[in-house]
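Reading through the structure tokens given below for one structure.
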Amino acid sequence: MSSDNGSGRQGGDRGGSTGYNLLMYLGFGAIIATLVALYVLQMFQTSLDYTDLERLVAASQYEKDESKLTAGSPGYIDVKVEARNTLRRMRVSNLRKVELGPTAVRGQIDLVELKPVGTSGDRWEPDSKTLRQNVEFRTNLSDKGSNRDDIETAIRNSNIPFRHADPPGPWEQHSQLIIGMLLAAMLIYIVVRRLSAAGSPMSFGRSRGKLYAQEELGITFNDVAGIDEAVEEVREVVDFLRSPEKYQKLGGRIPKGVLLVGPPGTGKTLLAKAIAGEAGVPFFSLSGSDFVEMFVGVGAARVRDMFQQAEAKAPCIIFIDELDALGKSRGAGIMGGHDEREQTLNALLVEMDGFGSNSGVIVMAATNRPETLDPALLRPGRFDRHVLVDRPDIKGREDILKVHVKNVKLDPTVDLHKVAAITPGFVGADLANLVNEAALLAARAEKTAVGMNEFNEGVERVTAGLEKKQRVMNEDEKLRVAYHESGHALVAYSLPNTDPVHKVSIIPRGLAALGYTMQRPEGDRFLMTQSELESRIQVLLAGTIAEEIIFTDISTGAQNDLERATDIARRMCMEFGMSRLGRVNYRESNRSAFLASGGSGEERVRSVSEQTLREIDQEVRRIIDESIEKVRHILDVRRGALVSLTNRLMEVESVDSDELKRIIDETSPGPLVVPGTLPANTMRSTTEPVITAPATERSG
């Protein structure tokens, strides 16, 4: 199916709906205009009481003389008439064109307003300026019909010409009732339509999916960078929507469902939008949480309504973001099989591949928790194809940066390949944030273009947080932080299998970091060896060991370091088989492969004995203790470098990789320290200053 056809179909649907609404409102306006016209006609019609009409008929027996319009003259009467909702004293005369109907008497009269004469107020005379002729009047008759006979006899006796009114037609007889009923029906329809609209309190069972046309999306595969493999996987879906006959003549069928899995921020939603933009078909977008409601059965009703809307516009795409909110494994909830979420999931399973499933609807979904999804949802026939949208490699990051810097004025010295190299592990959202941070920093510094310095500072802001220059520490705490970070940097520089140190700083950043040591990998890594994990543990422990060597006590600042080191050691024992317990896995994990913290997946220890658990704890303690001894030995040998680096940090607060290398090379007693190759008798520097441990510990 071509792109033009999809857009035209959706535009026609919208145009028909708009025309129907316009016609409805025009009809509603016509009814209101008719009622207003009837009200205006009645307002300008003079009402005459029955008794006044009898008096006027009796007075009309005499010869009327308009030159003698005085009180008591024949042919007229003085009455109080209600005209235009105002009660006035009027003189009524010249009764004519009388029409006698079953419920009312109509005709024409002449009216002239009376004005008081003198100050007593008992004399009135007509005001010729207010004379109105041919005024329509109406006198209502009683339902019993006796008044009609009496007034007809009086009119005949007065020789006043009259005629009987024609019998009222069905419309005239029931016009007010019909108009009132139409108005009430129109009001009820509008109220029900408003209540049933999305977002209203009564729209329980209606789907909250939003329909997008191709021109509203404006996104194609050219806007998607860094995930070329994922794009190639989904191109077949677009090709099928454009020309399905190519696949059908070979007996093939398009996947009914495509599941996009990957870490947050990698572009899963963007890829789905690009598919809809390329295919040119209607695109329904909604979140998994849109099906969840406090009322029982609402989620299943919304699923059915969503597919009904989609089938009416097939071929089309339904995109469900955050599918894990809807499709978690059944039976895991507290409420068991009667859980509302499970009813919603069952409805989705039936709609995707049941007796009444529609092949013209393609379901796409995105999640970063595929391990929590129900197996029935992932089987072939529902989500046939699983597309991994993983973190981009260095080439992918460079392509993503090229997309985001299109509207950014860059300095000629900016090398996007270098920026991609210093951002391993960054996803598309991180890189977009990095470019924006660099542009903001350049604007804050009144620069005309964004340079490499802004990108480097942006990387630090994204990874370590914002600098807290107003957070002032006392000299004792600042010195302790300097030794702590110097210990990290020195051990990371000395050990093999560690990432190069890019920067050491004692400027507080983020929420709780009083200092940081930034290491940048030289490339993308997918595996870690046992020696690399041990080196990482030693780097984490170096800060607190440096504090202990210099100050003979430790502070609370190493809390996060100890937590991370212990976690690595425990995983080495329980998951990776890197301990004396052998190549055995002791943990059943439901951790997410795409979330940095593992998500909230449940982890439990396999059925092992108490003795094995005790041995695991002993192995964790052994790995930590051996790492502490190695770190202590390195820092004892490199104490001169530790003190020199600390003094430099106290002066400038930040040391980059080049200056770090210079300081360590100048104060090193020999080649780089490698565990197991240290000289037996290594002399310490005799020029080291003596530092007294402060009494105040660093917190946080």
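Cβ atoms are placed via backbone N, Cα and C, with glycine included.
The annotation topological domain 'Cytoplasmic' is assigned in Swiss-Prot to 1-20, 193-700 on the grounds of sequence analysis. Feature annotation from Swiss-Prot assigns transmembrane segment to 21-41, 172-192. Taken from Swiss-Prot, the feature topological domain 'Periplasmic' covers 42-171. The ATP binding site feature in Swiss-Prot is assigned to Gly262, Pro263, Pro264, Gly265, Thr266, Gly267, Lys268, Thr269; the stated evidence is sequence analysis. According to Swiss-Prot, the feature Zn(2+) binding site maps to His484, His488, Asp561. As annotated by Swiss-Prot, active site applies to Glu485.
The DSSP secondary structure for Gly265 (ATP binding site) is coil. Rounded to a whole value, the Cα-Cα separation of Pro263 (ATP binding site) and the residue listed as 'active site' is 31 Å. Each residue in Glu485, Gly487, Thr517, Leu540, Leu541, Ala542, Gly543, Thr544, Ala546, Gly557, Ala558 lies on the same chain as His484, His488, Asp561 and has a C-beta within 8 Å of the C-beta centroid of that Zn(2+) site, without being one of the site residues.
Neighbour count (other Cβ atoms within 10 Å of the Cβ, all protein chains): 12 for Pro264 (ATP binding site).
Taking only the Cα positions, the spacing between Thr266 (ATP binding site) and Asp561 (Zn(2+) binding site) is 29 angstrom. Considering only the recorded positions His484, Glu485, His488, Asp561, Gly265 (ATP binding site) has Asp561 as its nearest partner by CA-CA distance.
Taking the mean position of the Cβ atoms of Gly262, Pro263, Pro264, Gly265, Thr266, Gly267, Lys268, Thr269 as the ATP site, the remaining same-chain residues with a Cβ inside 8 Å of that point are Leu260, Ala366, Asn368, Val389, Val427, Gly428, Ala429.
In this structure, the binding-site residues under consideration are Gly262, Gly265, Gly267, and the one with the smallest number of other Cβ atoms within 10 Å of its Cβ is Gly265. Comparing His484 (Zn(2+) binding site) with Pro264 (ATP binding site), their Cα atoms are 33 Å apart once rounded. In sequence order, Phe319, Asp321, Ala366 constitute the residues six or more apart from Thr269 (ATP binding site) in its chain with CB-CB distances below 8 Å. With respect to Pro264 (ATP binding site), the closest of these recorded positions in Cα terms is Asp561, chosen from Glu485, His488, Asp561.
Comparing the Cα of Gly262 (ATP binding site) with the Cα of every entry in Glu485, His488, Asp561, these being the recorded positions, the smallest distance points to Asp561. The closest partner of Gly267 (ATP binding site) among the recorded positions, by CA position, is Asp561; the full candidate set was Glu485, His488, Asp561. The distance from the Cα of His488 (Zn(2+) binding site) to the Cα of Lys268 (ATP binding site) comes to 37 Å. Note: Asp561 (Zn(2+) binding site) has non-local neighbours Leu540, Leu541, Gly543, Thr544, i.e. same-chain residues 6+ apart with C-beta under 8 A of its own C-beta.
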